[in-house]
Amino acid sequence: HPRGIKVIQHVLLSPPRRHGGEAIDRRTSPPPPPDAAAEKDEASQGLHLPEDIRWERLDKARFFVLGAGLFSAVSAALYPAVVLKTRLQVAPVAATGAAALPPSAFGAAAAILRREGALAFYRGFATSLAGTVPARALYMGALEATRSAVGPIALSLGAPEPAASAATGAAAGLAAAVAAQIVWTPVDVISQRLMVQGNPCPASRYRGGVDAFRKIVGSDGLRGLYRGFGMSILTYAPSNAVWWATYSLSQKIIWSGIGCYLCEYGVGVQEIDLGNGDSSLQPGCKTVMVVQGVSAAMAGGASALVTMPLDTIKTRMQVMDGDGEPITVGRTVRRLIKEGGWAACYRGLGPRWASMSLSATTMITTYEFLKRLSDKGQESGLA
């Protein structure tokens, strides 16, 4: 339909247009003459998406303090899925020596609950929470600083806006993951050792995070805390790059698909007064949050699928003992394939997919809300 194509092009490529101060209710107004309708398409149907809040506009103290509280709450809600995923990834070989299939996610969850109680799903959470604050601070700082630096460069080099947005997201996610792993790898090693206690795998018994820290350093030195650091980078760096690139592209695709309908029917949009009798159509806060949430879920699912084998190898390197031999990527992969073939690399995919999709949806909506709260101008244009 020519009109629909024109509106989609207008949403994606044009700067925001202005029209008269009166709101247009296309659901009740009589259709204007064809020439007037075409003129109105040009003048008033551009959807002005809210401007992204850049790093320099954020109140850094408020951003990090509020972020610590908000993300700690989200982590607490999603932690049981992480425990379940980790238990499935280190499921032992059957006593007969034949490869034993791990139980289903629901079966494993029921077994843990029956044998160890509900608190088993929060083993290692205190350690994880203690590391969340500095790790998230490094992550968010590197993410926003890289986005602010790379975005303008990509556009200045002549890259199309969708490609520049995806490249910026990938670069920012990569930098954020590398920065966060400096803190997160030791926390991951300790918390995952605590997660699998009670699970019949070759891991030591620890009385808590501090005891685990002492025993790991005592037996392996500080190097023991960074076991699997290389695999963590290889897992989380591509995962974050895929996530942020997919998230940016998903938003573009969704807005291009629904933008014309929002303008056409006046659903989910509001009219912003620009002064001097001019106004602009802008998506409402709820509409923006829904689009962000759906985009985040799509990005989380894609990222989980792409990086699952790397995450399984990384988890095993951090948790399981080497039976007197050095723990290397090659040995870990061979042992894993011997247990269950290449399908063993995808143990725990269901819980990880669910965890990453739910985590992505909650995290991104929380993150965007946090940025609005931390905006120095106190105005995001979404209220």
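For all residues, glycine too, the Cβ spot is worked out from N, Cα and C.
Model, not experiment: these values are computed from the prediction.
The compositional bias 'Basic and acidic residues' feature in TrEMBL is assigned to 19-28.
Marked as region 'Disordered' by TrEMBL: 17-45.
Under the heading repeat 'Solcar', TrEMBL lists 63-149 (among others).
Here TrEMBL flags 164-253 (among others) as repeat 'Solcar'. For the repeat 'Solcar' (164-253), the model's average pLDDT works out to 84.
Look at the repeat 'Solcar' (287-373): DSSP puts its residues at 75 helix, 0 strand, 12 coil. Here TrEMBL flags 287-373 (among others) as repeat 'Solcar'.
Taken from TrEMBL, the feature transmembrane segment covers 63-84 (among others).
Look at TrEMBL and you will find 90-113 (among others) tagged as transmembrane segment.
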